[in-house]
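What Swiss-Prot records for 39-328 is domain 'Protein kinase'. Summarising the annotation, Swiss-Prot assigns ATP binding site to LEU45, GLY46, GLU47, GLY48, ARG49, PHE50, GLY51, SER52, VAL53, LYS67 and lists sequence analysis as the type of evidence. If you look up Swiss-Prot, you'll see ASP165 marked as active site, proton acceptor. The region 'Disordered' annotation in Swiss-Prot covers 195-219, 323-361. Marked as compositional bias 'Basic and acidic residues' by Swiss-Prot: 351-361.
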Amino acid sequence: MQLLNSCCGKGFDGKKKEKEEPSWRVFSLKELHAATNSFNYDNKLGEGRFGSVYWGQLWDGSQIAVKRLKEWSNREEIDFAVEVEILARIRHKNLLSVRGYCAEGQERLLVYEYMQNLSLVSHLHGQHSAECLLDWTKRMKIAISSAQAIAYLHDHATPHIVHGDVRASNVLLDSEFEARVTDFGYGKLMPDDDTGDGATKAKSNNGYISPECDASGKESETSDVYSFGILLMVLVSGKRPLERLNPTTTRCITEWVLPLVYERNFGEIVDKRLSEEHVAEKLKKVVLVGLMCAQTDPDKRPTMSEVVEMLVNESKEKISELEANPLFKNPYSSNENNREHVAEESSDVILEDKDHQQQQE
């Protein structure tokens, strides 16, 4: 495990760390087999591109979530080492804490805190969706806390980190329904002097991927912002990021939301399970911020720090300023002089997904 030892036992200057040792430990494979009942299917919490996640209980009674890689190769060796390195660096209350890892033989496993409220997607579209546990206050808390986590990765982690896979299933919820962003399997460490084009990853479009990342596979901070914008609209509406209209056509959530914004029909966007409990101005703000993040032109998207500022700002003047953005003006208005300009602006948020045949989450 030269790669793993390299990233966990030494600093980036090659010297052994004397301080700031990670607060997690190495687990034995035997210990994790016992905790998960030999990775029993009944303990399985979910499955992602890198592997499966299992619930477990240690000898002291504490609950854990164990991510077990399903395949192993040189590529996975690098991915695992990168993920451990990332997890060793980050310290933020809204990023999922790692308790340790296991690297024995061909087994590579990461051990996390267990989140009893599972993931955001389980409450929107999964096993808890019928219970409607997410009221408007909880959704706002999730929006702000997840934005703060990603902003931390972009601006305060050293080096900065691109998450690369922001979506509802990677937002876990603690006992207070605070977001715990997880899954840095596609994350990329970015030195401050990095001038590259980002990491290249092969992904299928799941509705959260920005147009430029979908085309090139290259991730960036701005592609994270796009994904977060989609996440905001999913959170507010309760809809999936992609809707299949017929066997050959899918529609991105922005294509449904933007026409309703033109009409200022924000009430039609909100999840019907919320009834009338939402605050109209706050709903409007979250939708507008989501659409600003999801513009197809990366240069026009806000930074995640700016997103946090917009979400926490309660000023009605700020909401009016957002609403006045040309992006939200109806291109079919009667003002012929503005039509061409506004149509160009509004097209920045529309993403055609008619050629995609992908899963919804």
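For all residues, glycine too, the Cβ spot is worked out from N, Cα and C.
Swiss-Prot feature annotations superimposed on the structure.
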residue: LEU45; record: ATP binding site; CB count, 10 Å: 17
residue: GLU47; record: ATP binding site; CB count, 10 Å: 11
residue: GLY51; record: ATP binding site; CB count, 10 Å: 20
residue: VAL53; record: ATP binding site; CB count, 10 Å: 21
residue: ASP165; record: active site, proton acceptor; CB count, 10 Å: 24
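LEU45 (ATP binding site) carries a strand DSSP state (E or B). Taking only the Cα positions, the spacing between VAL53 (ATP binding site) and the residue listed as 'active site, proton acceptor' is 17 angstrom. Across all of the domain 'Protein kinase' (39-328), the predicted model scores a mean pLDDT of 87.
GLU47 (ATP binding site) sits 14 Å from ASP165 (active site, proton acceptor), taking the CA atoms of both as reference points. LEU45 (ATP binding site) and ASP165 (active site, proton acceptor) have their C-alpha atoms 19 Å apart, to the nearest angstrom. The CA atom of ASP165 (active site, proton acceptor) is located 15 Å away from the CA atom of GLY51 (ATP binding site).
GLY51 (ATP binding site) falls within a strand segment according to DSSP.
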